[in-house]
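Presented below is the structure to which this report refers.
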Amino acid sequence: VAPGDKPKIQEVKEQRVTGLLVAVLVGLSIVIGDLLRRIPLAVLFGIFLYMGVTSLNGIQFYERLHLLLMPPKHHPDMPYVKKVRTLRMHLFTLLQLACLAVLWAVMSTVASLAFPFILILTVPLRLCLLSRIFTEGEM
């Protein structure tokens, strides 16, 4: 690519090795069950915690949670930051955080049987309530 030119994708090579390898390793986990039982539970929790935390990067909600604590002059040059007023962005983030807290509370109590129903209720909440508070461009 010449300097100043926009890079273009020339081709995509499809491969199925990754999916095959994952399937083989999942299948092997049945065979080596005794070995896997020897791994301490704390180690497994640590691995899954690490995988979860590292996967948060790039999720807009997670990035907007960071922006709640950051002065506006230090906000990144992202479309969801530049095209929406800061107060509106923070309000949207706090509403999402409240929904997440309600889902977590339902999931962590005896009411967890209602979790799928509560989760489905987030769709009409988004379509009916949030469309009255925010414009389509803000969402």
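Heads up, the Cβ atoms here are built off N, Cα and C, so glycines get one too.
What you see is a predicted model, and the numbers here were worked out from it, not measured in a lab.
Cross-referencing 42-62, 84-104 with TrEMBL places the feature transmembrane segment at 42-62. Note: the domain 'Bicarbonate transporter-like transmembrane' (2-139) comprises 96 helix, 0 strand, 42 coil (DSSP; helix = H, G, I, strand = E, B). Beyond the transmembrane segment (42-62), the same-chain residues lying 6 or more positions past its ends with a Cβ under 8 Å from any Cβ of the stretch are 80, 93, 96.
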